[in-house]
């Protein structure tokens, strides 16, 4: 049987080469899926029908091939033979194999199959490299394959981590590969550098067609460099692992290009993608990420925030409740998340209750003590928190120095405290600015609970860093596409409109309302001493309550019969 297979390959090798561009339907001959170097091909795999892929007429100046196959979320297996061995096969959504060519070899075959009961749509491509190009994964010591050019991806709610095997220098056909760890000079693999790239799919597009189309932009070196964003460059001394902030429901493709600066050559690893969620989960999968509790919470929060944006300074106590709600709710959510394993919905309800208590407490503190500076300190710190979060949302947050928690939190706190300190001489302006920016940002958070927007990660990244220790090593890049620009414009418009409206409305008005407790005390003393005041003749509260209770008791007493009840006197 093996002899017949070799004869068939020899016959196929003698046929003329097939031309083609990016193929959607490739040629098949004698049960083989025929591929061309550098040409994509769409194919469908089914569980009972494994396929054989073949690449013919390989050029003599090609020393190794990388065959890769991709699907959206269903696993595909690619192997050198029908017998699946751990060091000669790979299974996953983004998998491939490196084939080191022998002298005079011009044909290469791969075995493709899937264990998924449903048909799997795939896109695959073989890529060729010469002897001067570095071999991705050529110095693999961690994973199963002998030469592993795959990118291994793991994710959780907080971060997504990619890992890959170190590369090796290229070599000619029929020669031994250079040793990996014998020497560390410029004539060894230690001179290689690794560029890590990130590519965002269109927001809210979870279709299989979009993924397979955009994956074609991340397979070859020139396309990766033209379309993706380079996040970091690693040297051979660095650990071949990079972490990113997880973006649930947002498609992201990662790839690594290994460069040889001495020969000015490069090669691409096999790209890997993720949505940071599961398509097959029964609850909270990629298609239904928005929870009802989240939508209700942030919708009510946004309605209150929108009112504060335009009327917060006039309705001072309502604004204090809003600020106290944010203060207490934020710290309480962090506390119960770190200390208890309760479910998200329960945490959100408890956070709402704790936030309401915090808001009431701040209003009560103002009513009783009337310390304006203390209340404005709380307002200014919330605005400072937002300003500091925006600062670290920029590329400044990806600087290596801020991966140290102490440096990050000291800098973050200084920015947050600086805002109330700068505006301490003009408290009304500080208060109106806080109302405009904080109130309008609550609308952005509400929009994110229905439609994905990157602007929600302004504050979510800070929350992730508090809750997850390892998040400090993650790059916090997010996509900024058309919808994000629209929401940013709406946020800015609401903030400017609210600030302008309140400044014009409060012109000529007292800066802040008077101390409520002093007003109440003065009014009570006036009523006691002024007998002409009608309120002077109002009975005390205790007597009024007793009178009300007596009236209620009379409703339940039995009505007495009419007529004379005393005996007649003679």
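Each residue, glycine too, has its Cβ placed from N, Cα and C.
TrEMBL labels come from automatic prediction, so no person has curated them.
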Which one of these stretches, 262-279, 406-423, 460-477, 514-531, shows up in TrEMBL as transmembrane segment?
406-423
Looking at the candidate ranges 227-247, 374-394, report the one that TrEMBL labels transmembrane segment.
374-394
Annotated transmembrane segment segment (source TrEMBL; candidates 320-336, 541-557)
320-336
Ranges in play 188-207, 348-367, with TrEMBL marking transmembrane segment at 348-367
Is it true that the transmembrane segment (320-336) and the transmembrane segment (485-503) have 3 or more Cβ pairs under 8 Å, skipping pairs fewer than 6 apart in sequence?
no
Cβ pairs under 8 Å only, please: of the recorded stretches 296-313, 374-394, 406-423, 485-503, which one is richest in them relative to the transmembrane segment (430-452)?
296-313
Please average pLDDT over the domain 'TM7S3/TM198-like' (299-503) for the predicted structure.
94
Highest-contact recorded stretch vs the transmembrane segment (348-367), from 296-313, 374-394, 406-423, 485-503, CB pairs under 8 Å:
374-394
Would you call the transmembrane segment (485-503) and the transmembrane segment (296-313) in contact, using three or more Cβ pairs under 8 Å, pairs 6 or more apart in sequence?
yes
Take the transmembrane segment (296-313) and find every residue of the same chain, 6 or more past its ends, with a Cβ under 8 Å from one of its Cβ atoms.
319, 322, 348, 352, 428, 431-432, 434-436, 438-443, 445-446, 448-449, 494-495, 497-498, 501-502, 506
